[in-house]
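Everything below concerns the one structure shown next.
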Amino acid sequence: MLQRLLVLGSTGSVGDSILDVVARHPDRFLVHGLSAHRRVDKLYQQCLRFRPAIALVTEPQHAIELQAHLLAAGLATEVLCGEDALCEAARACDYDTLVAAIVGAAGLLPTLGAAQAGKKILLANKEALVMSGALFMDTVAQGNATVIPLDSEHNAIFQCLQGCAGDRDGVERLILTASGGPFRTRSLESLAGVTPDQACAHPNWSMGRKISVDCATLMNKGLEVIEAHWLFNLPAQRIQALIHPQSVVHSMVVMRDQSVLAQLGNPDMRMPVAHALAYPQRIESGVEPLDLTRLAGLTFEHPDVQRFPCLGLALQVLAEGGQASAALNAANEVAVEAFLGRRIRFTHIAQVVEQTLQRIDLPGHAGLEAILGLDHQARQLAREQVRVCGAQA
Ligand code: NAD
Ligand code: MG
C-alpha cells in the first residue's frame, strides 16, 4: 500500500530532504499535497515532478498564477489558498502522513488539525510543539495520532529509546547534542558585530535561515530541550544539552544501569527523514556512509550560557513550568526576523526575548486561545523591544 503524504513546507530545507527520499521510493510513497509560502516557482517545479492532488499557497495572487501554470502544463492539481485551507487539508481523510515542515508558529494550526484527525505526523516544526506543549500532546493522544520526530536529535532519541523496550522507568536521562553553531569559539565581545550571512553559515548542517540563526544563538537547543520534554515526557532536570562540534552523535539516552545508547551518522536530514517515513522498517536514504576510521575524534563540552544567553532563557522558561514557552518562541521569531533584516544586532536577539519574557502577562490556563493570545502579545512586546534595540544599534 502506498503511503500518501501531505508535505507542508515542501519548498524549505526539510521539504527538500523529504522529497529527495520520497523520489527514491516511488513504490512506497505518493505525494498527495505540497505547500509553500513565498517560493511559488519552486512549488510549481515540485508539482511537475510529483503531480500532487493539491498544492497550497498563502497568497491569493500566487494561487491564481500557479493554477494557471499547472493547467497549462496539463496537470489536474488543485491549488488551494490560505491558513483555513491548510487546516482543512490537514484534517481531511484523503491522505495518511503529514510532514510538518513549515517554519515557526504558522505551522501550529494545521499540525494540530492533523493530530485531531489521527494522522501519522512527521514533526520538524518544533515551534508548534514548543508553543502548545501539553495541548499538542493531549490532542495527539485524543486523536489517536502518532508523532515521529524529524528533528535529528529527537529522532536519534526516539531510536535509542527502543533500547529500553517500553520500560520507561529504565531511562535515567536524555543527552541532546548541539554542534555549537558557527560562533562556538567566538568571544562575547565579537558577537555584536556578526552578520546574518555569518550566522547562517552553519559548520555541519545546511538549513533554513531562521533555524540557522537559532543554532548560532543556541536558542535552537533551548527549543529542542522543551521539545524533548513534551515528546518524551521527562522533566527538565533529566534532559541535558552538550556541545559536540563534530555532529556525528545525534543524541543519546542514558539508562538507569549507566548504559549509554547513542545514534550516529553523517549530518544529513535524509537519515531521520528516511527513518520516520518508513518506520518501523528501514529504507535507503541517499546519505553517505559514516566512515568511522576517518573521524579525528568525538568531543563533548558543556554549553556556555554566558555567551549564549538564549539557551539559558529557554531552560529557565521550562524550569518555571513552561507556561511562557509560546512567548519565548514568538519573541525569538520576531527577533530573528529583525536580525536577518539587519534591524538589530545578533546580541540583541537575547535581549529582545528576555525583555519580552519580563513584561509578558501569563494567562491562567493553556487552551488554544490563551496560547494564540500569548503569541500575539509577545510579538507586540518584542516588536517594541526591536525598535528600542534598533535605535541603539
Ligand atoms: P525553511 O525556511 O527552509 O522552509 C520553511 C518552509 O515553511 C518553506 O516551505 C516555506 O514556504 C514555509 N513557510 C514559511 N512561512 C510560512 C507561512 N507563514 N505559512 C505557510 N508556510 C510557510 O525552513 P527549514 O529549515 O526547512 O525548517 C522547517 C522546520 O523544520 C523549522 O521548524 C525548523 O526548526 C525545523 N527543522 C529543520 C531542520 C533542517 O535541517 N532544516 C532540522 C530540524 C528541524
Ligand atoms: Mg535539531
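Every residue, even glycine, has its Cβ placed from backbone N, Cα and C.
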**Asked** TrEMBL has ASP151, GLU153 binding Mn(2+). Which one of GLU78, GLU83, GLU224 is in the same site?
**Response** GLU224
**Asked** Which of SER179, SER187, SER259 shares the 1-deoxy-D-xylulose 5-phosphate site with LYS126, SER152, GLU153, HIS202, ASN220, LYS221, GLU224 per TrEMBL?
**Response** SER179
**Message:** Among GLY181, GLY193, GLY208, GLY222, which residue shares the NADPH site with THR11, GLY12, SER13, VAL14, ARG38, ASN125, GLU127 according to TrEMBL?
**Reply:** GLY208
**Where ASN125 (NADPH binding site) falls in three-state DSSP terms** = coil
**Fill in**
The most crowded of the binding-site residues SER13, SER152, judged by neighbouring Cβ atoms within 10 Å of its own Cβ, is SER152
**Request:** Output, ordered by sequence, the same-chain residues six or more apart from THR11 (NADPH binding site) with a CB under 8 Å from its CB, or 'none'.
**Result:** LEU34, SER35, ALA36, HIS37, ARG39, LYS42, LEU43, GLN46
**Message:** Max CA to CA distance in Å over the NADPH-binding set THR11, GLY12, SER13, VAL14, ARG38, ASN125, GLU127, GLY208?
**Reply:** 19
**Rounded distance in angstrom between the Cα atoms of ASN220 (1-deoxy-D-xylulose 5-phosphate binding site) and GLU127 (NADPH binding site)** = 10
